[in-house]
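Straight from TrEMBL, the features:
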BINDING   B:78, B:81, B:82  heme c 1 binding site
BINDING   B:223, B:226, B:227  heme c 2 binding site
DOMAIN    B:210-335  domain 'Cytochrome c'
SIGNAL    B:1-23  signal peptide
């Protein structure tokens, strides 16, 4: 009996010891077979305000002084990769690495993935759908990649097969009512950015690789039983006001065109690491 | 006495056969042979490993092809603008009218020998047959519908629950199942029984007439570089010197944005021309005579004009009246009556 008591005491001690090590947070071994939950949060903002859909009463204003409201914001995030503080790289399985973030639906703001326990100092992902997946058999295009999506919500170009990977629509009073603007008089702007490089003939490629250094605002300490979350601010204003700033009045509609290459460069400036919840 | 018995027996047999509904005859498995590569054709480009053609899959595809519910108001089917009697084009229409009589901008291309096609649409943009039907279903001036709504509509019908179950083992409809069934029907639209094919396969001592033979030789010399045998297209995009139309359709350029692709359109097959007038990407020419006249003396000096059309001072291809006559006689051997009458491909 005494022996049993001793053993349970020992076990108790061992357990409390284990619990202690968790708190003192020794970096666990990098084990790709044991995956734990981790997430990246895409928190959409516009300048110094949160994104609110159809905010016509209090519009946003870009650096050109153009007031605008946003009716739709959707974009694809894919191919998430993490680099640990000791240089180990983990690439999320491609089949679980495609996310459609919708500005109007807060439940879509997390890219939830499973990764090995570890301390991660760098996050890499693709804004867009890579050319490999864009040319894959239709049976492999399920979930957010299903081309069945409706025309208004749709992120797929049928006529030029490929995905629209950044879609921003809204209204601005600066848009003219003629064919250079919106002839319907609805003052609508439409930015549908796509182009993955083409199937057989090379075409424009607007896919962006986004690299985020996590060391400044907090590395991700990914452990089982914790839900580490990297919180990014995605600033839509940068799409208008980035290095290739443009005027909504001059370019109210940009879809598959040469000009899209210029403004798509602004997309990389949108992502900023705010903090990490460990 | 013996002969009398035989006659009665044969009459009885004929009566039984006549009583069988034509639909039952189609159901006869002997008629559905699956996909068979014609002996004089090259290996197909379509990846059959991802979509094995089955009788049930093909039949589902055929029903879908002739299904108006693919369009917003259930009025337009694929077969509306791709009629079998016109070799799956819309004979007599320069451009087709889709839903609510909206007009498109290009001539309806034939659904024919698509297993050998690597690129779709007159101006490219689609490179996988399984993705092709999304274009007409969602196009504003064609069917103006959404794929998810098509699936909703079909899933409510017992007919499609049964057809999907037969084809895939489950009544559940997915985008991939829908598209692949349509592919199965389209892949079976094989035109390979023209007189030309019979001559090439040396069937039943079929032979070209002297004029047809003369036309073949001329064709091989002047046309075959782009309209390559036996499909009569090299599948490439070329600028044939047609003056841009009022709407300035720039062809391949619109899907690639490469300036060297301006006004390039897909080289069409020359099979079944008897059934597919009018001609060219926008149906601007009503007769083959006008098409030949274009190549003889109307080729415009456009940027990116195909190098094959710049080899003589006046541009184009010189065609004397006797050469035209021979060429037209040869092209006439590419018409495939069995294809446009094949009961397997008809709306049931």
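Using N, Cα and C of the backbone, Cβ positions are placed for all residues, glycine too.
Computed from a predicted structure; not experimentally measured.
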> Rounded to an integer, what is the Cα-Cα distance in Å between residue B:82 (heme c 1 binding site) and residue B:227 (heme c 2 binding site)?
Replying inline: 22
>> Beyond the listed site residues B:78, B:81, B:82, identify every same-chain residue whose Cβ lies within 8 Å of the center of their Cβ atoms for the heme c 1 site.
In response: B:65, B:77, B:79, B:80, B:83, B:88, B:90, B:96, B:108, B:111, B:136
>> For the heme c 2 site (B:223, B:226, B:227), what does the 8 A shell look like? I mean other same-chain residues with CB within 8 A of the CB centroid.
In response: B:219, B:222, B:224, B:225, B:228, B:232, B:233, B:234, B:267, B:270
> Which of the listed binding-site residues (B:82, B:227) has the least company, meaning the fewest other Cβ atoms within 10 Å of its Cβ?
Replying inline: B:227
> Going by DSSP, how much of the domain 'Cytochrome c' (B:210-335) is helix, how much is strand and how much is coil, in residues?
Replying inline: 51 helix, 8 strand, 67 coil
>> Distance check, please: Cα of residue B:81 (heme c 1 binding site) against Cα of residue B:226 (heme c 2 binding site), rounded to an integer number of angstrom.
In response: 26
>> If you count, for each of the binding-site residues B:81, B:226, the other Cβ atoms lying within 10 Å of its Cβ, which residue has the minimum?
In response: B:226
> Including all protein chains shown, what's the count of other C-beta atoms within 10 A of the C-beta of residue B:223 (heme c 2 binding site)?
Replying inline: 21
> Non-local Cβ contacts of residue B:78 (heme c 1 binding site) (under 8 Å, 6 or more apart, same chain)?
Replying inline: B:64, B:65, B:66, B:67, B:70, B:111, B:133, B:136, B:182
>> Going by DSSP, is residue B:81 (heme c 1 binding site) sitting in a helix, a strand, or coil?
In response: helix
